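Chemist: Have a look at this one.
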Amino acid sequence: MTAIYLMSMLFGLACGQAMSFCFPTEYTMHVERKECAYCLTINTTICAGYCMTRDINGKLFLPKYALSQDVCTYRDFMYKTVEIPGCPRHVTPYFSYPVAVSCKCGKCNTDYSDCIHEAIKTNYCTKPQKSYVVGFSI
């Protein structure tokens, strides 16, 4: 009985180490428009984590679609819209952004994901900041 229990625990640990860790993660982004007076700080969720993948030897003989690797990407998401404060009348003050509801390991879809290897470091404000909290700005 103890041997079965011990083996099942070891099997569970081995499977747990092999699983992917891809889930919604809190993320803060800064949004500004050159015509508007303020920068808006938004707290949202994005998909982040690690996915199990294998690098195939013999890449020369495989079609391109077989060479792509899985990434942590959206399974389900919704869009929220906020109003950037301090915009003149001729400028549309609304900004829409995705909120991750659930994530999965899969192929990167460029229709709604940024599939680059290295992010550009532009997540900062050059104008006075306003924070956005659940439906209204402060």
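Backbone N, Cα and C atoms are what each Cβ position is placed from, and that goes for glycine too.
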Chemist: For CYS105, what is the disulfide-bonded cysteine listed in Swiss-Prot, choosing from CYS51, CYS87, CYS125?
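Modeler: Within the candidate set CYS51, CYS87, CYS125, Swiss-Prot assigns the bond with CYS105 to CYS51.
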Chemist: Per Swiss-Prot, which of CYS15, CYS22, CYS36 is disulfide-bonded to CYS87?
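Modeler: As annotated by Swiss-Prot, the paired cysteine is CYS36.
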Chemist: Of CYS39, CYS47, CYS125, which cysteine does Swiss-Prot list as the disulfide partner of CYS103?
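Modeler: So the cysteine paired with CYS103 in Swiss-Prot is CYS47.
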Chemist: If we check Cα distances from CYS125 (disulfide bond), which of the recorded positions CYS36, ASN43, CYS47 wins as closest?
Modeler: CYS36
Chemist: Closest of the recorded positions to CYS108 (disulfide bond), Cα to Cα, picking from CYS36, ASN43, CYS72, CYS87?
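Modeler: Spatially nearest to CYS108 (disulfide bond) by Cα position is CYS72.
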Chemist: Please name which of the disulfide-bonded residues listed here, CYS22, CYS36, CYS87, CYS103, is nearest in space to CYS51 (disulfide bond), Cα against Cα.
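Modeler: Of the disulfide-bonded residues CYS22, CYS36, CYS87, CYS103, CYS22 has its Cα closest to that of CYS51 (disulfide bond).
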Chemist: Please report how many Å separate the Cα atom of CYS103 (disulfide bond) from that of CYS87 (disulfide bond), as a whole number.
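Modeler: Counting only the Cα atoms, the answer is 34 Å.
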